[in-house]
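Asker: According to Swiss-Prot, the protein carries these features:
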DOMAIN    51-360  domain 'AB hydrolase-1'
ACT_SITE  Ser157  active site, nucleophile
BINDING   Arg227, Asp357  substrate binding site
ACT_SITE  Asp323  active site
SITE      Arg325  site 'Important for acyl-CoA specificity'
ACT_SITE  His356  active site
Amino acid sequence: MPVEIPADSVGLVTPQTVTFSAPLELECGRSLPGYTLTYETYGTLNAQRSNAILLCHALSGDHHAAGYHSMDDRKPGWWEHLLGPGKAMDTERFFFVCANFIGSCKGSTGPASTNPETGAPWGLDFPMVTVRDWVKTQAELADYLGIEQWAAVVGGSLGGMQVMQWSMDYPERLRHAVVIAAAPKLTAQNIAFNEVCRQAIMTDPEFYNGRYYAHNTKPRRGLSLARMIGHITYLSDNAMRTKFGRDTRGGKAFSFGFDVDFEVESYLRYQGSSFVERFDANSYLYITKALDYFDPASTWGGNLAEAFASTRANFLVISFSSDWRFSPERSREIVQALYTCNRDVSYAEIEAEHGHDSFLMPIPQYVAVLSTYLGRVAEEIGA
């Protein structure tokens, strides 16, 4: 918890909620009988309502992108390093909005929410949701906030996929699209990682076919394993070598057993056990499926340039050299497709050793690229 809030922080923030009562038609063919979104805002919306930027979060992220909910918080929001007064995403120039997407578990409607027809949690009766569905709800949130056009839509990882979907589905509603550490679709290997994670959850004896809420339990072992597997893919080999090497826990000798010997084992177990306390297992299943299904080019016979042909936004695409989950090669696919359809696109490959999680870190070159680009956006709109 902070002794005092840093001057360059957005400070104390309060989540807000909005409930939409009209049925939401989903890409899977089903619908939700209304839904709730939880979101946060940072900065001030100008009189012209032209300085709004939408932030799209990743798999385990949420609406809390920066600042603190109380002085008791152990740590600030997930993009604290980049979002705040005078930072790369400058709250003195822009008004930022970040919403928890449906299917998640941080306040927006998801599997743990109450099904109005049964009075019990949805569980696996919750309909499948997709990136396109998330973008649709974000557009409804923009309408609610009176924002006709975003100055930019920005997102990393799964958030970057939402940015791409925004540019295709609502081309007239964003001026700039910032796609960070993302891919135009998952590879077979990435789908395989997600499936192993899902199986870890679904084969846990405490899963109860997704109805573990009624049993006052949760699939702790399965969700913990899923997080451990996922976390390995977010880090590079060099990052793990630098952080852990083959160091034993506390420098002790081998136990010659199956308890924790190495620091990296201790780290992964901590990541797994702490994740269980803050995330819902069913949400993890739904979100990873949405990741798997994302493939906007499939509508166009696999031609990504055709998928981008209707876009109007200017693009900034950023990748990280050590990211093997969504490698620079995947970002270059996006850039090439945008070039092919004559879109304005800037590209930066950032040298970083942190792997996929680099998009969350204050790497100087990354900060400079983002700050310069958004600075030009601010000048363009007179912010």
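Note: Cβ is positioned from N, Cα and C throughout, glycine not excepted.
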Asker: If you count other Cβ atoms within 10 Å of each one's Cβ, which of the recorded positions Asp323, Asp357 has the most?
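Answerer: That would be Asp323, with the most Cβ atoms nearby.
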Asker: Closest to Asp323 (active site): which of the recorded positions Ser157, Arg227, His356, Asp357, going by Cα position?
Answerer: His356
Asker: Around the residue listed as 'active site, nucleophile', how many other C-beta atoms are within 10 angstroms of its C-beta?
Answerer: 26
Asker: Quick one: give me the count of other CB atoms within 10 A of the CB of His356 (active site).
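Answerer: Other Cβ atoms within 10 Å of His356 (active site): 25.
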Asker: Please give me the CB contact count at 10 A for Arg227 (substrate binding site), counting all chains in the structure.
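Answerer: A 10 Å sphere around the Cβ of Arg227 (substrate binding site) contains 23 other Cβ atoms.
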Asker: Which one is it: of the recorded positions Ser157, Arg227, His356, Asp357, whose Cα lies the shortest distance from the Cα of Arg325 (site 'Important for acyl-CoA specificity')?
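Answerer: Comparing Cα positions, the closest of these recorded positions turns out to be His356.
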Asker: Can you tell me the CA-to-CA distance separating Asp357 (substrate binding site) and Ser157 (active site, nucleophile), as a whole number of Å?
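Answerer: Rounded to the nearest whole number, the Cα-Cα distance is 9 Å.
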Asker: How many neighbouring Cβ atoms, not counting its own, are there within 10 Å of the Cβ of Arg325 (site 'Important for acyl-CoA specificity')?
Answerer: 23
Asker: According to DSSP, folded down to helix, strand and coil, what is Arg325 (site 'Important for acyl-CoA specificity')?
Answerer: coil
Asker: Sorry to bug you, but what's the C-alpha spacing from His356 (active site) to Arg227 (substrate binding site), rounded to the closest Å?
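Answerer: Their Cα atoms are separated by 15 Å.
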Asker: Round to the nearest Å and give the CA-to-CA distance linking His356 (active site) with the residue listed as 'active site, nucleophile'.
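Answerer: Given the Cα positions, His356 (active site) is 8 Å from the residue listed as 'active site, nucleophile'.
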Asker: How would DSSP class Arg227 (substrate binding site) in three states?
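Answerer: SS state of Arg227 (substrate binding site) = helix.
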